[in-house]
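Undergrad: Straight from TrEMBL, here's the annotation block:
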DISULFID  Cys158-Cys167  disulfide bond
BINDING   Tyr231, Arg528  chloride binding site
DISULFID  Cys360-Cys378  disulfide bond
ACT_SITE  Glu392  active site, proton acceptor 1
ACT_SITE  Glu392  active site, proton acceptor 2
ACT_SITE  His519  active site, proton donor 1
DISULFID  Cys544-Cys556  disulfide bond
Amino acid sequence: MKKVALAIAVTVALSACDSEQQAAKSVGVAQAVAESPAADNAQLTAKDAEAFLQGAQARLEKMAQEASHAAWLASTYINLDSQYVEALASERYTTLAVELASEAAKFNHLDLAPDTRRKLTMLKQGLVFPAPKDPAVTTELAQIGSKMQGMYGAGKYCREDAGAEKCYTLTEMGQLMATNRDPELLEDLWVGWRKVSPPMKPLYQRQVEIGNAGAQELGYDNLSVFWRSKYDMAPDAFAADMDTQWGKVKPLYEALHCHVRAKLNDHYGDDVVPAQGKIPAHLLGNMWAQEWGNVYDLVKDDDMQAPYDLTQLVVDSGMSEKDMVKVGEKFFTSLGFEPLPNTFWDRSQFTQPRDRDVVCHASAWNMDGQDDIRIKMCINKTGEDLVTIHHELGHNFYQRIYKDQPFLYKEGANDGFHEAVGDTIALSITPKYLKEVGLMDEVPDESKDIGYLMQQALDKIAFLPFGLLVDKWRWQVFNGEVMPADYNKAWWELREEYQGIAAPVERSEENFDPGAKYHIPGNTPYARYFLARIQQFQFHRALCEAAGETGPLHRCSIYQNNEAGEKLRAMLAMGASKHWPDAMEALTGQRDLDASAIIDYFQPLMAYLEEQNQGRECGW
Ligand code: X8Z
Ligand code: ZN
């Protein structure tokens, strides 16, 4: 960082998938209003509001830089000291953001230009967990956050293996959940990982109390309303729209659930997977049963080969973890995005360090609101991680292309957009594309398409109810509908109702299973991933149209297509400067969330599933 008289070059952090969304630009002047003695509100003018916003953005940007570097440190070297530093920086950031958010209310009575009003609203809604204006409580909130992140990141499960104790990291357990088919081992890992979270429960409970008090001081009923207020519509309308979209895709989920249950029943037998009812949660290839692509081998018909096994292609190609990231970068540059800067390659974390604990959950960061972008992952050489790399790079390319927006607009059009960008690109990892980049020799014929769609559905469709329920649970916790004595019960009611899965062993309030999922201790809202699953198919459909592709959506790849690239870049460059329906319209011509694209994409699979499920009793 370089200090210059009067203009301090400052930078800040944005970590997509992390709790605080921050960004930065160079600080100019204009701290005058924010620092001047409080003026009489009645005298304030629109010009004062603009000056206030300029000063506020400059101050936040500066503070966010400090918070980003501390957070990066605490995520990549988990220890007492990094947590101490991170909590301090986060406390300072929260204090400032809360102070500015409340100060913004002094312009409430003014008739302001829409852009000024939007920035004031965004200032008010910028934090994920606001603290009340009490320094001791703000400190407590920051310490709770750092502590829970650290507990999750450093979590391990130790078990007896061939007479010796072996401790597994979450990444190692994830690999076993994906590939091992021994139900006893899978159950043991499932139960074992969940030992990480009971100690989090009192911390979480206190964090909710503090966050609710903070949201109330900002004028919201509770954190649930606050979290749902960030979508350019009334909070209840947002929740209702999520339910409406779910209603549209639910038949597809139910058909998939029915078929998967039947196939798992064939493989494991009635004692392990009953032919009726809920599917045991430890047998779906993923620690949280949120995406099921890893059990494709159990679900496919004997004659239904997928057109490719992406893990096999990655392994056979001999590429390194860094090479995998290069493959992702190449897709974005083929669409006209700037190549990643050298600092990205120097500063990112691609693999799990052997000598220390880190938060392995994948994330993308912008440290300075400009070009210091990075990803933090513990990459495995699998198809799943190649897709996650595209997901993370989507965040980074978005961050970079909106870097010249004002600080408060250095965000996605809504948080679902941010999550959808990389996934949209990954939908173009088709056989045609893989052949073009030399990872595959021949494009398989159409007879293999159902296999490909099945593989995609096991990830994309299986995820939808999980994407919906995580924040349904949090909203109920925040608004007091669910009290701490029922945290785990309420969690499993939702898991059972929406996903049709069941815990493999009895659970009780001694357990705190929500805490064993990153986004609960990590305080990352989750509705965004549900939105993104719907949006990415809308984006894919629109980009394929722009590219002049006329074939089925699942065969379309926009690799190297200028028209599609231009459209995507134009929308992303808007950042959060416009209401999200404007951004949506710029890319798709539609102003609403529309599940018809995901339904169209999977239409051939739906027909197949309906046929397969004939004579089966579906549902749970
Ligand atoms: O957390 C993530 C990304 C980082 S934003 C890896 N995802 C959700 C999850 O892992 O639970 C992507 C899909 C859903
Ligand atoms: Zn993400």
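Placement of Cβ uses the backbone N, Cα and C atoms for every residue, glycine included.
Heads up, TrEMBL stuff is auto-annotated, nobody curated it.
Show me how these features fit into the structure around them.
TA: For Cys167 (disulfide bond), other Cβ atoms within 10 Å of its Cβ number 10.
In this structure, Arg528 (chloride binding site) is part of a helix by DSSP. Non-local neighbourhood of Arg528 (chloride binding site): Asn414, Asp415, Gly416, His418, Glu419, each in the same chain, at least six residues away, with C-beta under 8 Å from its C-beta.
Of all the Cβ atoms in the protein chains shown, 22 others lie within 10 Å of the Cβ of Cys360 (disulfide bond). In three-state terms derived from DSSP, Cys360 (disulfide bond) belongs to neither a helical nor a strand segment and is classed as coil.
Counting Cβ atoms from all protein chains shown, Glu392 (active site, proton acceptor 1) has 24 others lying within 10 Å of its own Cβ. The secondary structure of Glu392 (active site, proton acceptor 1), as reduced to three states from DSSP, is helical.
DSSP assigns His519 (active site, proton donor 1) to coil in the three-state reduction, placing it in neither a helix nor a strand.
Within its own chain, Cys544 (disulfide bond) has Leu553, Cys556, Ile558, Ala564 as residues 6 or more apart in sequence whose C-beta sits under 8 angstroms from its own.
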Undergrad: Cys158, Cys378: which of these disulfide-bonded residues has the sparsest Cβ neighbourhood within 10 Å?
TA: Cys158
Undergrad: Enumerate same-chain residues with a sequence separation of six or more from Tyr231 (chloride binding site) and a Cβ-Cβ distance below 8 A; give 'none' if the list is empty.
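TA: Result: Phe238, Asn414, Trp580.
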Undergrad: Give the residue from the recorded positions His519, Cys556 that has the most other Cβ atoms within 10 Å of its Cβ, counting over every protein chain displayed.
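TA: Highest number of other Cβ atoms within 10 Å: Cys556.
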Undergrad: Roughly how many Å separate the Cα of Cys158 (disulfide bond) from that of Cys360 (disulfide bond), to the nearest whole number?
TA: 18
Undergrad: Express the distance between the Cα positions of Glu392 (active site, proton acceptor 1) and Cys167 (disulfide bond) as a whole number of Å.
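TA: Distance between the two Cα atoms comes out at 28 Å.
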